[in-house]
Amino acid sequence: MRVYTADVKPEMEGQKVTLYGWVHEVRDLGGLVFILLRDREGIVQITLPRKFVSKQVFKLAKKIRRESVIAVTGEVRREEKAPGGVEIIPESIEVLNEADAPLPLEVTEKVPAELDTRLDHRFMDLRRPRVQAIFRIRHQVMQSVREFLSEEGFIEVHTPKIVSTATEGGTELFPISYFEKEAFLNQSPQLYKQVLMAAGFEKVFEIGPIFRAEEHNTTRHLNEAISIDIEMSFTDHNGVMDVLERLVQRVYEDVAEKCERYLGWLEVSLEIPELPFPRITYDEAREIAARKGEEIPWGEDLSTNALKLVGEEMGGLYFITDWPTESKPFYAMPYEDRPEISKSFDLMHGWLELSSGAQRIHLYDMLVESIKAKGMEPESFGFYLEAFRYGMPPHAGWGLGAERLIMSMLGLKNVREAVLFPRDRHRLVP
């Protein structure tokens, strides 16, 4: 019966096991050959002393190529110097598929490679244990998100990704051919989430792709990303901030508990964030930046440099709240007594924005005026606006970038490292 490398323990000494995997490395010392076999769970040492294995197996081991796929059946022995404290003395080795040489990428990471080179040969890059660890952790992150939101009473939904209207206005849209009509890839599930509040769902969440034709080509931008979105009725921005910070804390706790081995591969030690996360207003963030030499005119978005200065002072996870109404989308609710300020927030990790959210405008007339104030035509939002005429409850929500959450949690230098096959301004293949 097949076992994974991580399941082979010293206390199994004398037992016969079968393993499948890739040849990570071969060391030929003449009368002694070592093969490191790698599967998705780790690496185990296959030891072939000439005197204790068959001539056929020994001969095969000497000529086997790295990254070939093999099956090994043999006896478990204790060996403190070997990975995991065990080795396998094989009675048989079968080459299931031989790899070509030379390899397009060095899986052992002895030879460093630029990220672009790694992405060009992504299938090979993904074999690296450190890279696999990122995606095992990502799997746990998404599982924890679903479990937490389901426990909180949210209903998972899936909204259209082909739309006829820009969610947030602007030109960051990918046009597509949709029979005889003009259509776009959706920037966000925002409009549909809000319509579902009018439908009486009260609490919804979606985990799905978003598409933004942004010109930015930075270490934190993607043109296709996975967004974790919620919308919640009968609450305000403070209510959904509470959900967000508890969700993030739960994700950290679950990853720390269930992904200890993969965190070890990445040499990452997770610190569980404490609740509540610190909160500062937009004005306070401007003051911090100004004190450190970066002046931001009121009403403008905070520059990258300003956010870095604020992040240096705040550290870790924190909220920036009460943004200028004009800097947020048309659906953000302004304060009644200060209409120039919106009931909105961004969740930051250092200088990196992870999430953006707000209480939404739920009053039809106010929403129409807000759309007009942004220079858009209410007629373009017909299906959306109709939902506000027949009993739309007060509601709030947010969108959280899955890749940015993982990037910041693991200290990755580039958000593309958290995506299997990233899409950016210059990359459409693989």
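Placed from the backbone N, Cα and C atoms, the Cβ positions cover glycine too.
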* Asked: Which single residue out of E257, E260, E267, E353 does Swiss-Prot record at the ATP site shared with R212, A213, E214, R220, H221, L222, G401, A402, E403, R404?
  -> E353
* Among 130-133, 190-193, 410-413, indicate the range for which Swiss-Prot gives the feature region 'Aspartate'. => 190-193
* Structure fact -> H221 (ATP binding site) and R212 (L-aspartate binding site), compared by Cα position, are separated in whole Å by 10
* May I ask which of the recorded positions P83, S356, R360 is closest to A402 (ATP binding site) if we compare their C-alpha atoms? => S356
* Going along the chain, which residues six or more apart from S356 (L-aspartate binding site) have their CB under 8 A from its CB? -> S344, F345, D346, L347, W398, G399
* Structure fact -> Quick tally, other C-beta within 10 angstroms, R212, H221, R360, R404; top of the binding-site residues is R360
* Asked: What is the number of residues in the region 'Aspartate' (190-193) that are helix, strand and coil, as DSSP sees it?
  -> 4 helix, 0 strand, 0 coil
* Would you count the other CB atoms within 10 A of the CB of A402 (ATP binding site), including those on all shown protein chains? => 20
